[in-house]
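As recorded in TrEMBL, the features of this protein are as follows:
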TRANSMEM  32-54  transmembrane segment
TRANSMEM  60-78  transmembrane segment
TRANSMEM  90-111  transmembrane segment
TRANSMEM  166-192  transmembrane segment
TRANSMEM  226-251  transmembrane segment
TRANSMEM  257-279  transmembrane segment
TRANSMEM  291-309  transmembrane segment
TRANSMEM  329-358  transmembrane segment
Amino acid sequence: MHDISGKPAERRLLRGSIDIEKDLSEDAPRRYALDIAAAWAAIGIFAIMAMAVVYLMAPILIPLSLAVVTGLIFGVAAEKLTELGIPPLPTALLLAGAFGAGVFFIAGLLAEPVTQLAANAPDLVRGAYDRITPLFSRFGWLSISPQTFESGQMSMEKVLENTGSILGILSASLTPALLQAMIFFAALVLFLSARLKLRQMLIMAFPRRGQRLAAIRVMNAIDSALGYYFATAALVYGALGIVTALITWGGGLAMPVLWGLFAFLSSFVPFLGVTLMTIALGTAGLLTHETLMMGLLPALAFFLVHLAMENLVMPAVMGKRLEVNAFIIFTAIIFWTWMWGAAGAMLALPLSIIGMTIADELRPAKRKARRSLPG
């Protein structure tokens with residue numbers, strides 16, 4: 001027979017004075033805390049494994065995610081075309097064809113300047129050395145002199161050698177990029193053509209009527225938010241691209257149309273796009289002009305115009321309809337850039353808009369306000 005007299009509950013049982021509710025209340029917090037810790041540990045393990053799967057499946061998930069996001073952006077346009085009597089498959093082919101034509105048009109505009117830039121790369125590198133070396137020599141604490149660029153990893157020969165290896169890496173990546181482009185366009189056509197059936201399937205997956213209505217509201221809100229934001233941003237950033245082209249033309253930089261196109265495209269990646277564009281304009285200005293002030297003037301003008309666009313024009317146009325949390329967007333850009341590189345940086349903004357729209361539609365205060373509406 002086991003000796004149980006050493007345990008408090010058993011001793012009270014032997015004395016006939018046990019309090020069951022008190023014993024349960026003493027043991028419950030410990031079990032409850034362990035259950036919470038186990039649940040959070042399981043969630044953490046699942047999150048780590050999910051991130052690993054997303055990272056390893058990037059070659060497949062990137063084009064599929066881009067196709068789904070692009071299809072959601074085109075959702076409002078697809079509905080308008082469907083209301084005009086156009087069947088889903090021709091609608092999908094029309095929208096995907098228009099998007100592909102736009103991509104090929106932009107690629108055609110970039111082809112000649114990029115080819116010219118690659119052909120003149122050695123001369124540009126030598127010119128950069130000649131311009132940058134005197135600037136660095138003014139700062140003695142950097143310990144950089146013309147001899148620094150004549151030997152070691154920073155020598156002209158080493159830089160040109162690395163430039164050739166970079167071009168080789170880009171050439172080797174061309175075939176996977178073409179394969180991903182084919183996956184993207186095929187997925188985009190199929191998603192747009194089956195969009196209504198997918199919505200119906202997701203809605204009917206919920207057993208209760210209230211859950212189905214909530215799913216309909218969330219899907220409509222996502223389509224509206226993405227379509228409205230990117231349509232408005234395309235107009236605003238298009239104007240920014242025109243202004244940037246005028247700034248670079250007035251600043252004496254080569255290929256102002258190309259600079260305007262880069263400004264338009266980079267603006268869809270918040271924070272990171274404007275930073276890279278400002279650095280590129282500053283570098284090009286320093287390589288073009290003799291004085292420091294004239295070299296940095298185009299970059300400064302672009303930064304001020306972009307700042308005004310983001311903080312004055314965009315809030316005035318968007319209003320309260322779609323407020324984007326800057327910290328969430330910044331964190332999302334860092335995370336998705338780390339996961340998927342440049343494609344992740346492009347997907348960070350639409351994925352954040354989708355997440356914030358879902359959270360806004362499902363928050364309890366909004367649901368309670370809907371239930372209290374008259375009628």
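A Cβ is built for glycine as well, from the same backbone N, Cα and C atoms used for every other residue.
Keep in mind that TrEMBL annotations are predicted by a computer and have not been checked by a curator.
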For the transmembrane segment (90-111), distant same-chain residues with Cβ under 8 A (at least six beyond the ends): 70, 74, 77-78, 81-82, 185, 188-193, 257-258, 261, 265
For the transmembrane segment (329-358), sequence-distant contacts whose Cβ falls under 8 Å of one of its Cβ atoms, 6 or more beyond its ends: 51, 54-55, 58, 61-62, 65-66, 69, 72-73, 218, 221-222, 225-226, 229-230, 268-272, 322
Cβ contacts under 8 Å made by the transmembrane segment (257-279) with residues that lie 6+ beyond its boundaries: 106, 109-110, 113, 233, 237-238, 240-245, 247-248, 299, 302-303, 306, 309-310, 326, 329-330, 333, 337, 345-346, 348-349
Non-local residues, at least 6 beyond the ends, that sit with Cβ under 8 Å of the transmembrane segment (226-251): 69, 72-77, 257, 259-264, 267-268, 281, 285, 288, 294, 297-298, 301-302, 305-306, 309, 313-314, 317-318, 321-322, 350, 353-354
